Amino acid sequence: MSIKLIAVDMDGTFLSDQKTYNRERFMAQYQQMKAQGIRFVVASGNQYYQLISFFPEIANEIAFVAENGGWVVSEGKDVFNGELSKDAFATVVEHLLTRPEVEIIACGKNSAYTLKKYDDAMKTVAEMYYHRLEYVDNFDNLEDIFFKFGLNLSDELIPQVQKALHEAIGDIMVSVHTGNGSIDLIIPGVHKANGLRQLQKLWGIDDSEVVVFGDGGNDIEMLRQAGFSFAMENAGSAVVAAAKYRAGSNNREGVLDVIDKVLKHEAPFDQ
């Protein structure tokens, strides 16, 4: 048995809480991964244009499962993207606009879009996660391929809002809790696990040859799917239950510590 693919979530997993990682250590590991024929995949709810900014030297060598699986890119080339029909998009927007407690980001292939009327605090956060972001008066007549919505709201409202969204638009989109004060609406079945499946099919890699890392609700499907799945020390109970193993904290390079074990064929990678 040999590992052929390593996939990492970013926020709360690969990145510290300061949104950094040990670049020198990782780049040394990446060279060893290449030498051992191991593919590296970034699997995140974040926008592709934001994700590539973390890996400027190797963005055209590695793969990205961006937007929670909505858009999959390998070596700079499209592998897959989901697409909401115009009718489905309009139905979702119509419902979301009846919910004043949520701020809406419509996630498209060319850009993300949010409303000009939102306050500066929301816009500052949005710009951190969406490097291509347009401010619009409304969501009518936008020409793009849409595969996700990002919703910002108060943490304490998330359980009840998720329940309400499921009842209202659950046949069109699935809500996943992605972290502090945020929910993503994704196309059913178009999640990180599906994105990894597209890449595995392309490369001829079995689930048993895959290592994944995650900490949030949007990681659960890929944690269940992979042969070697690691929930971070900072992960919630549902995520821990979905994973086979635990990794250290995202603030103490927990992912990089496990990658060292992969490269050295140490337990549990020594079968």
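Every residue gets a Cβ built from N, Cα and C, even glycine.
Site annotation for Mg(2+) in Swiss-Prot covers Asp9, Asp11, and the matching candidate from Asp206, Asp207, Asp215 is Asp215.
Taking only the Cα positions, the spacing between Asp11 (Mg(2+) binding site) and Ser44 (phosphate binding site) is 8 angstrom. Cα-Cα distances to Asp215 (Mg(2+) binding site) place none of the binding-site residues Ser44, Gly45, Lys192 within 10 Å.
Take the binding-site residues Ser44, Asn218: by the count of other Cβ atoms within 10 Å of each Cβ, the lowest one is Asn218.
Here Asp9 (active site, nucleophile) is positioned 8 angstrom away from Gly45 (phosphate binding site), judged by their C-alpha atoms.
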